[in-house]
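> This is the structure, below, for whatever I ask next.
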């Protein structure tokens, strides 16, 4: 489901400004304006840094998971950049991509990173399942070259699926907004295609990832309960990598599935009559149900948006190599050396005081 703040303008009356209408009657616009920029501030610097760490030569050597995570970080950067254009249009009423050709191109390109993210997560979840549950097949399937091939194939698949969006969308000169083409609005193809892609990419893919995660956790529990002899000498680093990937996968599931459910209920809360006065809108049951639903949808949508901004914190909390790389980039060696010297100095002072209190003479070795 394409994360879109728009309301179907075909229900609008000519001359009615949808943005002004919702701003006057619903809190959803304010939520968008306040919360969304926070994720831009987090995600736009954090995702490029994550991509740089995962895709540098040292990290990706013999680490196929780094290819998936690096591609995921790049996908999130692109998504956030496109999302800014959409946010300006629907949360701030600033025209960005409204126009012939630009409308079609934007909606096609905007879908690609959205489609790609859950497939990348599913890809490295399956890979981790093979590495943990079928270790003898790891050397064959869990390689950097194969990971690169899978990422390219997934990208091409998402590109092909997204091309139809260029046909679905066009510039509506009557309402001066991007809208679905009139010839397909009343047909079944658009509805069927939308539900098919949404259920497969944002329903089946996360659920499949959940199943593979459960199998991985079950296998890890069996291995760890068997003691060090079962986990092997490299069990610690392998489990750390598995912890990172499991956290990423579960985070996607927890943020995307609720929005998929909310999105599927949209037809149950239709838009009311735009021709009603302000007082009539406040008393109209259809509009009030729609406003409550729309506010909940926007809140869940913001939680989903965090999926494209906050993976950095998961990487930092669960991955020692990633954490060390961040420290090397953000804190130069000179700074680290100064910190170490200060730490040693504090230790010396503490030892000196302890020795003096014990009646001994402290010496500097």
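Cβ from N, Cα, C; glycine included.
As annotated in TrEMBL:
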| type | residues | note |
| --- | --- | --- |
| TRANSMEM | 34-55 | transmembrane segment |
| DOMAIN | 46-315 | domain 'G-protein coupled receptors family 1 profile' |
| TRANSMEM | 67-85 | transmembrane segment |
| TRANSMEM | 105-126 | transmembrane segment |
| TRANSMEM | 147-170 | transmembrane segment |
| TRANSMEM | 190-216 | transmembrane segment |
> Near the transmembrane segment (147-170), which same-chain residues lie under 8 Å Cβ to Cβ, leaving out any that are not at least 6 residues past its ends?
2, 64-65, 67-68, 71, 100, 103-105, 107-112, 115-116, 119-120, 123-124, 127, 178-181, 184, 190, 193, 197
> Find the average pLDDT over the domain 'G-protein coupled receptors family 1 profile' (46-315) in the predicted model and report it.
88
